[in-house]
Amino acid sequence: MGKTNTKSFKELTTLKVGGEIKYFFEVKNQKELVDKVSFAKNKSLTIFIIGGGSDIAVSDKNFEGVVIKYVGSSVQVIGNLVKVEAGMNWDKLVEETVNRNLQGIECLSGIPGSVGASPIQNIGAYGQELSETFIELKAYDISNQKFVIFKNEDCKFSYRESIFKRKDYWQKFIIVDITLKLKKYTDNNLELQTIRDEILRIRGEKLVNPDEIPNAGSFFKNPIINKSKKDTLLIKYPEMVIFPFNNEYKISAGWLIEKTGWKGKSLGPVKVSDKHSLVLTNPEGKGTFSDIKSLADTIIADVDNKFGIKLEPEVQYINL
Ligand SMILES: Cc1cc2nc3c(=O)[nH]c(=O)nc-3n(C[C@H](O)[C@H](O)[C@H](O)COP(=O)(O)OP(=O)(O)OC[C@H]3O[C@@H](n4cnc5c(N)ncnc54)[C@H](O)[C@@H]3O)c2cc1C
């Protein structure tokens with residue numbers, strides 16, 4: 001049977017907020033997973049799936065259901081195909097593929113969290129996205145109590161999105177492994193390790209390490225706007241940070257927040273990072289979910305008032 005512990009979301013998340021959990025199970029393999037899902041179903045309890053807890057903000061209420069963390073973490077490499085269990089730390093996987101000179105996820109170096117969560121928001125950074133190398137995943141379908149395969153196209157990947165964030169798929173599939181197809185790296189001028197080192201260096205400068213200051217990375221998505229909105233804004237703010245994105249435009253949410261004066265500012269015990277205005281921090285770990293939510297809501301309102309743009313959280317709110 002899987003390991004049972006009394007835990008709170010505060011302990012299991014990088015933002016260090018969230019209430020107590022009624023049943024928390026770490027499961028090492030598919031059999032333990034099936035047992036724990038049956039346990040929850042027999043008691044008619046809600047299941048929440050957690051990985052490294054680095055992309056969620058959980059309410060202060062107690063969670064009266066079952067939280068399952070899949071911790072099996074084996075890796076199989078066959079040629080350019082890499083099949084890896086959900087519990088592996090994402091960055092360890094990147095390190096391992098770089099060591100094997102396999103190209104395709106090196107720009108995703110340093111992203112916190114687990115392999116199992118990587119498809120949920122189609123993790124991306126520095127021009128690379130998981131969807132570019134992703135072949136398929138295996139997941140346990142909680143409703144039908146059977147294992148299923150999702151191919152790349154079944155996941156409906158887009159910018160920080162996948163089918164697993166849609167209401168009818170949300171918390172319905174527990175990912176147990178993913179398979180990626182990488183390429184043998186052949187550039188003689190630059191080593192993959194050099195790219196990885198450089199990305200880790202830049203991330204270290206720009207982002208806030210959750211082990212030092214609790215946070216959940218970029219709290220908001222970069223808003224996507226159409227051309228006419230972009231043109232209007234650029235007249236008023238010629239220095240606005242904006243990039244072409246598909247047929248539309250992506251604005252730096254960090255820039256918008258900075259221009260509303262929130263960079264480095266606190267609201268109660270929580271604070272907008274002074275290093276990066278997209279990062280909401282819980283510096284002493286004393287803030288609650290409601291403190292974080294008040295700060296996020298105030299920022300959303302201020303940005304909306306100033307620019308007419310509604311920021312959306314990238315971080316998922318849980319157990320509201
Ligand atoms: C400092 C920092 C920097 C970051 N930088 C980036 C970045 O550059 N790019 C980026 O894309 N993200 C970034 N993130 C966000 C985060 O690292 C990713 O979203 C990551 O994939 C979350 O992994 P996790 O295991 O912590 O997921 P969790 O926070 O535990 O869970 C996130 C979601 O995945 C679900 N989930 C977790 N495991 C499974 C599973 N096995 N099966 C099914 N569902 C599951 C959860 O239910 C939840 O919906 C950053 C976060 C931090 C704190």
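Cβ coordinates come from backbone N, Cα and C, glycine included.
Nobody curates TrEMBL annotations by hand; they come from automatic prediction.
Annotated features, as they stand in TrEMBL:
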- Arg160: active site (ACT_SITE)
- Ser218: active site, proton donor (ACT_SITE)
- Glu314: active site (ACT_SITE)
- 16-185: domain 'FAD-binding PCMH-type' (DOMAIN)
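Overlay of TrEMBL annotations on the structure.
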{"residue": "Arg160", "record": "active site", "CB count, 10 Å": "18"}
{"residue": "Ser218", "record": "active site, proton donor", "CB count, 10 Å": "20"}
{"residue": "Glu314", "record": "active site", "CB count, 10 Å": "17"}
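The distance from the Cα of Glu314 (active site) to the Cα of the residue listed as 'active site, proton donor' comes to 7 Å. For the domain 'FAD-binding PCMH-type' (16-185), the model gives a mean pLDDT of 97. Ser218 (active site, proton donor) sits 11 Å from Arg160 (active site), taking the C-alpha atoms as the reference points.
DSSP assigns Glu314 (active site) to coil in the three-state reduction, outside any helix or strand.
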